[in-house]
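Enquirer: The active site, proton donor feature in TrEMBL is assigned to Glu129, Glu372. Residues or ranges marked as active site in TrEMBL: Asp261, Glu395. Positions annotated as disulfide bond by TrEMBL: Cys326-Cys358. The annotation Ca(2+) binding site is assigned in TrEMBL to Thr479. Look at TrEMBL and you will find 495-520 tagged as region 'Disordered'.
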Amino acid sequence: MGPSVLWQLEELKDGRGISGEKMNFSRSGGDVVKKKDFADDPIDAQRREKVKDAMLHAWSSYEKYAWGHDELQPQTKKGVDSFGGLGATLIDSLDTLYIMGLDEQFQRAREWVASSLDFNKNYDASVFETTIRVVGGLLSAYDLSGDKLFLDKAKDIADRLLPAWNTPSGIPYNIINLSHGNPHNLGWTGGNSILADSASEQLEFIALSQRTGDSKYQQKVENVILELNRTFPDDGLLPIHINPERGTTSYSTITFGAMGDSFYEYLLKAWIQGNKTAAVGHYRKMWETSMKGLLSLVRRTTPSSFAYIGEKIGSSLNDKMDELACFAPGMLALGSSGYGPDESQKFLSLAEELAWTCYNFYQSTPTKLAGENYFFNDDGQDMTVGTSWNILRPETVESLFYLWRLTGNKTYQEWGWNIFQAFEKNSRIESGYVGLKDVNTGVQDDMMQSFFLAETLKYLYLLFSPSSLIPLDEWVFNTEAHPIKIVSRNDRAVSSGRSVGQTKSYRRPRTRREGRFGNK
């Protein structure tokens, strides 16, 4: 096996380099690791290896029982095609394998992409899920490895998704048939599009335009934001249902949890992706407006004063918070530095409060794993589990990663380690990792979600790695934890018109694997 992204593993194993002396682990000419000396903490090194072992166990189980399928059912030891047979777990895992230095596994996955990945399927795909997992996974693999195969495949699948945006308002339909086109929305939404599903493709499609030189992808997704910005409310909070014909919102829930979450995340991250230039200033402005709205949803429990983000329908506040909303502490921490000193500290403090709540979602159950959502009461109980399953979700660990990176407080590493140990105890079985049907009883399900390998294990690995690995000033993570290289934009700042101008030509970062796989 070749050298790891970060260090020679053998040096770590036999103790050289972890005694406190400074080592330079940067790759020759690469951007994945910043050229920066640091002393590697021996406890971090041990924990990182444990997380890497977990990834190897999850991956080898997938390879053995579900190769080429979307996801593994570990109990029954078979593959299932939950995303139309696009190899979702394999594509979701590419960058995790690369970052962990699992070169042989990455190479085998690359060969499958080259020989077997076929998008011409008579399958009604989720535009959002396919974008964040498949387009995002392939683009990240390209940015990390420099292998053009991944960029070509990303373009192929994106082209099949594009007709979803052909609506009168430019707000896309959420479902499209990969071989025939035919976009539509799910029946239960009453013909509406879902906010998160329709307005969280900016990072991937802008990146694709930058890397291919074809502006059509960027124009589609930026027009969505322009349309929403036209009637953006004063509190920046949008209901989760939008009419794709008129571009207007429908009476429905306002939430930072399911179906709302990544819209707010991508407002911030599109600004970061554009290197915070004038061309992306409207994203930051919209995000700051939405954060005022977020503040209006924050409540605190009795007796322990846990901060949480409520949900709203009309003028009525619902004291419920999804574990999915536990991405918000990380988002707030990441965005806090764009404010002046007072506001910055206010949002960072709120991020830390919310992270404590999310950690207690885990700590408050017998298994030490979080339920899917929680209710907050005035009866002195603080919080109670609502929906009691755990499907290996990453959001709390994601926020711990950002808070550790941005504050240096090792407490966040300790919390992450405790969560990892709870996964090891309750979810690891002989043939992979499974979720829990009930976090109170520990009864297991039969699914290893692809995002466990893409997100949960990657964020845990980075939580115990030096911050020079995938530095946050050079990379931005999509909502499936796929790192995408930040590229400055010199297109015109968006006015009230529909034009998004031209993107600067993309210069792919050089990496130590330059040419290893060629451009086959």
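Counting starts with 1 at the first residue shown.
Heads up, the Cβ atoms here are built off N, Cα and C, so glycines get one too.
All annotation found in TrEMBL is predicted automatically rather than curated by experts.
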Enquirer: Nearest to the residue listed as 'Ca(2+) binding site' by Cα distance: which of the recorded positions Cys326, Cys358, Glu372, Glu395 is it?
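Expert: So, of the listed recorded positions, the one sitting closest to the residue listed as 'Ca(2+) binding site' is Glu395.
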Enquirer: Please report the distance from the Cα of Asp261 (active site) to the Cα of Glu372 (active site, proton donor), rounded to the nearest angstrom.
Expert: 14
Enquirer: When you measure from the Cβ of Cys326 (disulfide bond), which residues in the chain that are at least 6 apart have a Cβ under 8 Å away?
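Expert: Expected: Leu354, Ala355, Cys358, Phe361, Ala370, Glu395, Thr396, Glu398, Ser399.
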Enquirer: What are the sequence-distant neighbours of Glu372 (active site, proton donor), meaning same chain, six or more residues apart, C-beta distance under 8 angstroms?
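Expert: Spatial neighbours, sequence-distant, of Glu372 (active site, proton donor): Asp322, Glu323, Gly386, Thr387, Ser388, Trp389, Asn390, Ile391, Arg393.
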Enquirer: Out of Glu129, Asp261, which of these active-site residues shows the lowest number of other CB atoms within 10 Å of its CB?
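Expert: Among the active-site residues Glu129, Asp261, the sparsest Cβ neighbourhood within 10 Å belongs to Glu129.
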Enquirer: What is the number of other Cβ atoms found within 10 Å of the Cβ of Cys358 (disulfide bond)?
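Expert: Result for Cys358 (disulfide bond): 30 neighbouring Cβ atoms inside 10 Å.
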